[in-house]
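So that you can see what the record holds, here are the features copied from TrEMBL:
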- 104-123: transmembrane segment (TRANSMEM)
- 130-149: transmembrane segment (TRANSMEM)
- 201-221: transmembrane segment (TRANSMEM)
- 233-258: transmembrane segment (TRANSMEM)
- 302-320: transmembrane segment (TRANSMEM)
- 635-651: transmembrane segment (TRANSMEM)
- 658-681: transmembrane segment (TRANSMEM)
- 687-711: transmembrane segment (TRANSMEM)
- 764-791: transmembrane segment (TRANSMEM)
Amino acid sequence: MGEYRDFREIEKTNVSKNDKNIPIRLGSIAQIHEGYKERKGLARYNGEECVTVSIYKESGKNTVTVSESVRSELERLKEQYKNVIKADIVYEESRFVKQSIDNITGELISGGLLAFLSLIFILRNMESPLILLTVLPISVITTFLLMYLKDLTLNVMTLGGLSLGIGMLFDSGNVVLAAIERHVRNGLSVKEASLTGANEVAGSITSAVLTTVIIFLPIVFLKGIIGVVFGEMALTITFSLLVSLAVSLTLIPMLSALRGNKVWSRKFDQWSFFKKVATWENEIDVRFVKGLTNWLGKPKRFFTGIAICFVVVLILISYVDKEFIPKVDTGEFKIEILNVKGSSLSSTSELVEELETKLLKEKEVKHVISNIGYDEEQILSRSGGEVGTHQAQIRVVLSTERSEKTKDFIHRFREKIQHARTIGIHFYPEEDMLSKILSPDSKAVTLEIEGNDLATLAFIGENVRNEISKIQGITDSKSSLESENREFQVRFDEDKMSVYGLSHQYLAGILKTALKGTVATRLRINDEEFDVRLRYRQSDRKYKEDISRIIIRTPSGDAVFLDQAAEIREGKGYASILRIGQSRVNRITANVENVKQSAVISEVEEYIERLKLPVGYKIHFGGEKENIDSSMRELLFAFVLAVVLIYMLLAGQFESLLIPLIMLCTIPLILIGIIPALLITGNSFNISSFTGIILLVGIVVDNAALFYEYVEILEHDQVSLKEAIIGSGQIVLRPIIMNNGTTLLGLLPVALELGEGTEFQSPMAVTVISGLAASVVLSLFLIPIAFYYILKWQRTRRKTI
């Protein structure tokens, strides 16, 4: 009832009446016909046409949980319609998240196991490492509890923080256990040794843990995305270290006291391998004492050697690549294809099909998903904001068993298709979620030209793009104003509009209906619904004159032509116009391939310095370089604040202003180990490696504080200064090697990048491992020699006074 049985019945619909009060039917003033919507886009999956469905999660929802729910529902639908549809998940953001978490979890476990084995190797018994091993699960479980109370989730950053702390979890326990064993060997009972040893080092290890906590504390309070993301990692490390401190001062002394004297006999010493280890340990101890004694007598040579190494490293810094965040290989990338403007959908589809065929022949390729043209009802944002049937995008998913990295595959495939029949092909590696959050505009090079005149901006931008494209390594350069569209421009006349009582919104609505059409309603026929689109005939909207004669009904009921209220002219326009503040911007972007990004940035900077722009126009970096500068300023502020807080802590602990200053002055020297390691491994200097440096500050200061505390203890026993220095070195030799060794081995699996998703943590791990190697020399030689001459000078000065 009340439904049309056929679309032709619409013709009989009365829409108005004429002067003689006779009804005017729709069919008498309009052509009504049935047809198909003009096709503007299509999609293909591995060469076969398909329908793609994109599913987005709500803000705040967990990606992995939502993905698992969608996958479960899809399996149900596939079973229900197994003879009707074939459905595959071709892109799943949570896949890489889960894989990254699994890999980091595996490396965390393997790192803990390596740290445990290193303790057996050094201590040469099973009981002591087992006591230390109790620190690990208790600390981890309690850390998880604190994370839960703080609403922290298990993600790449929190697990990365835990993997950083996994080696450090043993440090406090190592120091306590070494002190207890030393007192047992000196004749105290196990219970007395446990109490005396724990009390002896309680102050130093508490100070050491607080030092590391203070290092990360400012990061928690950083504003912006850096604070949010790295704050979670900082909190995780802080939680794990505070818990391990509590366990080391309570559980380890208790378990040591329960062992009994008979357990302290080192059964492993009877094995030939461990006999050799004991011999090596004694040899190291003898050589260390001999070396330290020798350098104490030749301080100028030692400090000159350190200074030369430091100067060489400062020179090498310029050769280390610099970037905002390390590039993570997700195994996916996108290809954007531009055909000649005005090309039909079928023409662009043919070009894409050629690329699809070549891609599917590659054994490393798993999925190829192509989107050609666009969907009128759901236009998705594209680069530059432009859409059309001359555009297409291909998403390529590589096999997890591929033999080459994504960037290498892109480089090889780019060479293969360099003669493709298109006017533009751009490759964009797919980024992981963390990179998207930290650096939404992740192009290696982003230049922003500001000015007012679009034509001038476009001209300058084209020249800049052409020039930087000549720099080795620059690829996929684009300008946001490089693509102009022919268009009819309608400029409303405010005075005439006010005379007729017309508004911008009203006129824009009429233009949209006349030219593009408006879905006025939906027609229901036999339980099917059809759009009823209202618009001018093709012949009435083809030329400028046709647009000029569009009829406008004024509020008073009069009819006027569009050109009576506006100026219509033919011209060229841009798909999108970017602005910064009140200035128009032409954004030039480019990727960097197979060349150090920092080297390319330097060349671009040199070009910008030489570039002369018209008055009123300026050019500056944006995107990646802007992110680097901003984030490094934030992290540098956190670093300086942490150093100040550490100095205040140490000054209060040792009641001296000079001693903490000496400890802190050795911090820059860890670069002696870090810079060569970054160069050898091919890692860049980024926020990940900088975080590793922040962590190292705490470790270096901890070792120095532990050494100085033993110097004070030995001096209190009426030992000469030189003997106290050498004796303290012998005492801290094993704890420092044990602490650095467990931390180093705990991070080794992360540094080796044994799985997908570990690339973000790898620079941090490489930095810490190489910095630890340098800190051993600093802690066992530089610090003792510096303390010897400073303390000797202080005592001489006191005697003189």
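A Cβ is built for glycine as well, from the same backbone N, Cα and C atoms used for every other residue.
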Output the single range from 302-320, 635-651, 764-791 maximising the number of Cβ pairs under 8 Å to the transmembrane segment (687-711).
764-791
Counting only CB pairs under 8 A, let me know which of 130-149, 201-221, 233-258, 658-681, 764-791 has the most with the transmembrane segment (635-651).
201-221
Candidate ranges 130-149, 201-221, 233-258, 764-791 - greatest C-beta contact count to the transmembrane segment (302-320) (under 8 angstroms):
764-791
Interface-richest range of 130-149, 201-221, 764-791 toward the transmembrane segment (233-258), CB pairs under 8 Å:
130-149
Would you kindly list the residues that approach the transmembrane segment (764-791) from elsewhere in its chain, counting only those six or more residues past its ends and only Cβ-Cβ distances under 8 Å?
160, 163-164, 288, 291-292, 295-296, 299, 302-303, 306, 658-659, 662-663, 666, 669-674, 676-678, 681, 683, 688-689, 691-693, 695-696, 699-700, 703-704, 707-708, 711, 721-722, 725-726, 728-729, 732-733, 736-737, 740, 743-744, 747-748, 750-751
